[in-house]
Amino acid sequence: MAAQLLEEDVVTCSICLGRYRDPVTLPCGHSFCGNCIQDSWRSCEKSCPECRQPFPEGAKLSRNVKMSTLLQALPVLPAPPAVTPRRDSATSHSARCLRHGRPLEFFCRTEGLCVCSACTVHDCSHHERALLDVERRVREDQLRARVLVTQQQVAQAETQLQELQEQRSRIESSACTLASVVSRRFSSLLQALEKQQASTLSDIEVAKKQALGQVLNEKQRLTDHLRALSQYDQSVQDLLAQADDCIFFQELQQLPEPTESLGPLTSPQWNEEQQLSNVNQLLSPLCELLLEEKSLPKVAAKAADAGPLETLGPLAPVPSAVCPLRKKLWQNYRNLTFDPETANQYLHLSHKDQRVTHHFQAQGPAKSGSFELWQVQCTQSFQTGQHYWEVRVSDHSVTLGVTYPKLSRQKLGTHTDNIGRGPCSWGLCIQEDSMQAWHNGKSQRLRGLPGQLLGVDLNLTSGCLTFYSLEPRTQPLHTFYAVFSQPLFPVFWLLEGRTLTLCHQPEATLPARPQEEATAPS
């Protein structure tokens, strides 16, 4: 048996680990299969796989005649039975190095390959090496550690996934509850608002019926008085037509006394301004809360009596590019002109009635419809829809506003202008160091100072009048909320030496006169 194993070792190629096929011998004396050595040299330098001795350049492989004869004399071995690979050191060490034909006993950590003892001497002498079974245990420990970390990550991910599911359930439940609460709250507010609307309309209807009842009573009284006068007149005419003197005197004594004069009529108790005041007191806070643009910076103060304000000054400079808000306002731009019949005698109109200048000397006698104060009104007026216009002022000490047609032309009290001093006008008064919003004789002091380019947005649909400062950026200054019941005219006041210009846009148009424009008052 030992002899047979020895013979097999002698006739075995160290490259393919099988019996020699067409054995050849190298100059160093080692033998290999002819095809095996040729294949080995295609992938590496020409040297002996056993001893690494270089193969001389130009030399030829010599056929090993004795080995060929010996192979022919040996019996053919049966094919080895198929075995199941085992992960033990003996099986691992049965593999051989392709370069040296020796068993693979080491692991080169530098190259990441299994090597033989010859490789450790010739090729991996300076590399980090370890025995296969030792390296195997190290790598298995590393894999087990990785598996442990992975399992921990899996457990953590599953826990986090469960938490996310719980958070999702809580969010859905909370959102559903919140939506239900908000829906109920808004429903109650809508019901309260509808109830208040019905109550307000009912009050207006009651006041209307009372006023109409008074009118009907006065009408009936006048009708009865006219009938009595007519009857007396007819009796007198019949008496005058009587030819018989005795009958004349007899009927004259029976003629009743003439009906006494009724005197002045009783005016019906109907005050439109009072009704509007009551409605505005109710709706203005709601409109300010619900209709105001929350995304825009708010400059106006809430109340005039809030105590001393911070130091006032011009707005911080920023780029003057046209912002989306101003472009949106331009969709309702209106080109306005001043009405010369309303201009104070110290105000001079020019540039096709688009510019007004306050001179120190009168420009002529006062007209019948002109303001006694330094004011001028526009020709155009608006009753429905949304409208926007822009004004450039030479300096502060001006007032911008809108008014009903019946704004008084005379001076009222000690004020320099009457814009916003009564219930029929609304105004923004811009002084050198302050700014106030005026309506019905009440003012709100506002923070900051605007630039010289101003905008006015009149939304009659929603009942909003908003003033804007356009330089150095577009921002709202103040918004009035009211129920406008009559046509509104733009109106202005300016101090001596000031100039005010109505800016025109070439593409701007005015609405149709029957729907949205009223004629100027005489």
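Cβ atoms are placed via backbone N, Cα and C, with glycine included.
Positions annotated as coiled coil by Swiss-Prot, on the basis of sequence analysis: 141-229. The domain 'B30.2/SPRY' annotation in Swiss-Prot covers 316-509. Per Swiss-Prot, the feature phosphoserine maps to SER187; the stated evidence is a large-scale study or a structure entry. The zinc finger annotation in Swiss-Prot covers 13-52, 92-134.
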Intrachain residues whose Cβ lies under 8 Å of the zinc finger (92-134), provided they are six or more past its termini: 13-15, 17, 40, 44, 49-50, 52
Close approaches to the zinc finger (13-52) from elsewhere in its chain (Cβ under 8 angstroms; 6 or more beyond its ends): 59, 61-64, 67-68, 71, 74, 77, 96, 98-102, 118, 122
Helix, strand and coil counts within the zinc finger (92-134) (DSSP): 12 helix, 14 strand, 17 coil
